[in-house]
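Copied from Swiss-Prot, the annotated features are:
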DOMAIN    25-250  domain 'Peptidase S1'
DISULFID  31-164  disulfide bond
CARBOHYD  44  N-linked glycosylation site
DISULFID  50-66  disulfide bond
REGION    82-102  region 'Disordered'
DISULFID  99-257  disulfide bond
ACT_SITE  111  active site, charge relay system
DISULFID  143-211  disulfide bond
DISULFID  175-190  disulfide bond
DISULFID  201-226  disulfide bond
ACT_SITE  205  active site, charge relay system
């Protein structure tokens, strides 16, 4: 079964594919407190929704499948139990930007959403934006995944701190073979460990895939159970959307996404 890795109102939506929003990293370890300065928590009155990534001091990038009403964003978070002094909370300033040509009936089509914050974020010890990519990663690249998603491949076991793991960029043919019933778009990245054991999962949706210090992917969807051999994750390819992102930030709200 393919899982869209999203938790909405604390429920897992069981679909023919699975979004990874609100997922944890499988097979990882606790992230270093200073290695996830761009990681953002999206939450509402029901609890945690998704992750996101700070890309400029007033802009957060996440997955479109994380779109929800009345959510807020928290930055600078490491432990759910111990507050960092520099944590900051923001509301969306306006309606989030989605691709205008996104298929409304396909939750993983053009799975990207850009959110403007109601006020700028100040860089600090635990908060800083992540660079957009200058080019896509090559097959074989080692990339970092991170999030508060479940650390169990089959049940919801959520950690108090984000977990991180290293995975590899794989050829698209691997994901197409793994998910023949779900189109794997060329505007996505296929990433994981062929032998399994490391993966994003429930609760990680919207979070970053970081390769060589650049924000290359957004956690979108994958298999359930998570972390199985030959069942890698599918990530929105950020490099294909950089012009759209820059256009929206510049004020062109009618900018088109790639086909």
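Each Cβ is built from the backbone N, Cα and C atoms, and glycine gets one as well.
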Judged by other C-beta atoms within 10 Å of its C-beta, the most isolated of the disulfide-bonded residues 66, 99, 175, 190 is 99
With the cut-off set at 10 Å between Cβ atoms, which of these disulfide-bonded residues ends up with the most neighbours? Options: 50, 257. 50
Using a 10 Å radius on the Cβ of residue 226 (disulfide bond), the other Cβ atoms enclosed count 31
Cβ-Cβ distance under 8 Å, sequence separation of 6 or more, same chain as the residue listed as 'N-linked glycosylation site'; the residues meeting this, in order, are 68, 69, 70, 71, 72
Could you break down the residues of the region 'Disordered' (82-102) into DSSP helix, strand and coil, giving a count for each? 0 helix, 6 strand, 15 coil
Roughly how many Å lie between the Cα atoms of residue 143 (disulfide bond) and residue 164 (disulfide bond), rounded to a whole value? 10
For residue 211 (disulfide bond), the number of other Cβ atoms found within 10 Å of its own Cβ: 22
Could you tell me the C-alpha distance between residue 175 (disulfide bond) and residue 257 (disulfide bond) in angstrom, no decimals? 23
For residue 226 (disulfide bond) and residue 205 (active site, charge relay system), the CA-to-CA distance in whole Å is 13
